[in-house]
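Step one of this worksheet: look at the structure below.
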Amino acid sequence: MSIPDAANDFRGRLTGGDSLSGSQKLMILVLSMTLYGVGDLVCQIIPAIEAGPFDIGVSYFSFIAVVLAALLNPFWVAIGAPLGELVFSDMLLGDFGGFTELEGFLQTALAIFVAGTLIKDPRNLKQLAIAPVVMVLVDKLTGGVVDILKVVVGVDPDTLEEADGLISTLLFMEGADIVITVILSGIIFGSIPTMWLTPRLYGKIEPIMGLRPRDPQNPPKMRGPWGVSIWVVGALVFLVAGAITMFAAWEEFVGREGIGALGAFEPDFREQFGDFYLWIAILIAAAVGCAAFLALRAVQSKRRTPVESGSSTRRTPVESDSSDEARTG
């Protein structure tokens, strides 16, 4: 193999591996934001069933995030999906809680990243079935533990015996909520569509962004930024989410609005304009997301064209080897 051919092969390995260009990262981010944000809006159209103290409804479509994380870089999908929920769902509907929304963002991002890295081979049905359930469990368990700790910390030690019933009830409610969410969002709207969609989309979405399909022999590693262990990242996410929740609860207890309400945007457009506004929000989110994705794809295509046109005049390593064999034969 000649030096130019080796350089081209090395460049191809870089663009097909973990190294992504800025436009590729943005395309994954925008695609994840759009699909997950629109999916969250659709979830709100599906009516919930009230069964005693429980509201049985679809919390989110976990399959959207898991399918994307199985095919594309799970880190950027984990950042984009919860960001899309905040931008295209909460803010567009006028139900953005401000700084306190960071808690849910961190929990969802961690859950999606863990689920995406669990899928080594996007054609392995067992991995595809487990990943959405793991995503729901990570999300709901971290959120549930934070909620329970918030109640426990707020209980007066002098009235701890009277509070036993409250804590037991809360534990039961959190456990039942986890079971319901695992069944609906983790299995029905998680594992089942993920097992059907992922193998069919494998190798079809990646080339659109100039990426190579995931190699089962070289899957993404379950490591955080700068190679930090995912367990350390999870512990930090838990601590930060807990601190945000505790601080917001304290501000509410003392009757003051400060950092917890920073950036809050709550005009509640759905209450003002009715459920029809949900369809308007879905159209707006889909249009904005698609326009941004197509613009980024056009930029990526322009950047790739000079490289492809320059490398097309050179022979590939396979062509070079075959021609050498023909001459020696």
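Cβ from N, Cα, C; glycine included.
Listed in TrEMBL:
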DOMAIN    27-304  domain 'DUF8171'
REGION    305-329  region 'Disordered'
TRANSMEM  26-46  transmembrane segment
TRANSMEM  58-79  transmembrane segment
TRANSMEM  99-119  transmembrane segment
TRANSMEM  128-149  transmembrane segment
TRANSMEM  178-203  transmembrane segment
TRANSMEM  224-250  transmembrane segment
TRANSMEM  276-296  transmembrane segment
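When Cβ-Cβ distances below 8 Å are used as the criterion, the transmembrane segment (26-46) is approached by residues 20, 57-61, 64-65, 68, 72-73, 76-77, 79-85, 87-89, 92-93, 209, 275, 278, 281-282, 285-286, 288-290, 292-293, 296-297, 300 of the same chain, each at least six residues removed from its ends. Same-chain neighbours of the transmembrane segment (128-149): 62-63, 65-66, 69-70, 103-104, 107-108, 110-112, 114-116, 118-119, 122, 167, 170-171, 174-175, 177-178, 181-182, 185-187, 190-191, 194-195, 198-199, 234, 237-238, 241-242, 245-246, counting only residues six or more beyond its ends whose CB sits under 8 Å from a CB of the stretch.
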